[in-house]
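Look at TrEMBL and you will find 178-236 tagged as domain 'Mechanosensitive ion channel MscS'. Feature annotation from TrEMBL assigns transmembrane segment to 127-146, 158-183.
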Amino acid sequence: MEQSVSAWTLMRLMKVVRTNNLSMFSYTSMLSADWEIVSVPMAKSAAKQIFENMADPGQSELMLKNFMKFLPPDKATQAFASFEVTLNGTITKQALVKWVVDVFKERKSLSLTLNDNRTVIIKINQLLDAVLIAGICAVSFMIMGFNSQTLLVFNSSLLIPAVAIFGNMARTTFESIVFLFVIHPFDVGDRVSVEGVPLLVEEMNIFSTIFLNGANEKISYPNSLLATKPITNVHRSPDQWELIEIRIDSTTNVPKIGILQDRLNRYIESLPEIWYPRWRFVVKDFDDSSHLNMYISIQHHINFQDGGERWQRRSNMILHLENLMNELEISYKLPPAQIDIKAGTIFTEDPLIPISHAVL
């Protein structure tokens with residue numbers, strides 16, 4: 001029973017082995033290795049060594065032929081497809097480093113998940129052992145000739161107070177076990193959202209789960225309470241969509257908007273390893289006859305498990321969009337405000353928001 005793992009954990013383990021073109025190896029052989037990657041800096045260093053060993057002298061990017069030096073053609077093609085390939089059909093050093101770091105984080109998360117599952121199962125075994133010992137003692141007393149009615153009265157006198165005292169704990173324990181092994185909405189290392197609050201799963205215990213919030217503070221939730229809340233699992237989600245809202249002046253020429261859309265499309269097509277080619281550029285509404293609310297909806301090649309990578313991609317997209325809008329002179333101007341000048345002080349229509357205090 002101690003070797004049991006959840007279905008999601010097994011799927012993640014299979015995904016790492018299958019998608020990363022890894023061969024199976026024993027735990028003993030892994031322990032006998034000369035060195036082991038135990039941190040992100042070590043993973044980056046290992047990735048750089050791999051790149052230098054695979055690349056030809058003076059080569060700044062890897063191509064399929066570099067993989068064929070070390071792997072059969074079919075395996076080389078499969079391994080090459082696991083990376084973010086540029087439009088030119090090459091793999092940059094940065095993409096290789098990112099891939100190795102992601103594999104290290106995934107394996108570390110799997111290790112923590114398996115360790116937590118093993119700890120929970122050991123505690124459940126201890127609980128079941130206690131129940132089994134109590135049952136064996138009761139049967140042994142009956143076999144030894146103790147009066148069954150007297151024994152039943154004695155056990156009842158013990159069980160009734162125990163049920164009153166520990167009944168709620170037993171129910172909570174059962175709910176936690178069902179939550180951990182039947183529902184199992186997340187694993188250690190998953191980025192989740194509980195009631196709209198983004199959290200990172202840090203540790204899973206039999207009665208509670210510990211999360212990290214955005215400020216790296218630990219938050220503990222009872223599993224019985226989590227079982228009643230909607231939980232969004234980002235790590236198990238498919239490639240996700242990004243939504244960017246922009247506001248432009250309503251007097252902007254429609255041809256300019258078309259040019260902006262064409263240039264943005266060229267930018268997205270130039271980064272096929274980051275963005276899917278399908279995207280939407282739509283006008284949401286026409287607000288106050290002064291501006292247009294527009295949305296850009298675009299799909300990443302990743303989900304938002306790696307929050308830093310998601311926000312970096314979004315930032316690059318927004319900066320490029322800003323440059324395009326400046327080149328095309330597309331902007332939004334605030335409508336003219338009504339100004340009252342009284343007693344040497346300039347105010348807006350709202351007396352609570354002064355523009356300036358200038359003595360005339």
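Keep in mind that glycine also has a Cβ here, set from the backbone N, Cα and C atoms.
Note: the domain 'Mechanosensitive ion channel MscS' (178-236) comprises 10 helix, 25 strand, 24 coil (DSSP; helix = H, G, I, strand = E, B). Summarising model confidence by region, the domain 'Mechanosensitive ion channel MscS' (178-236) averages a pLDDT of 89.
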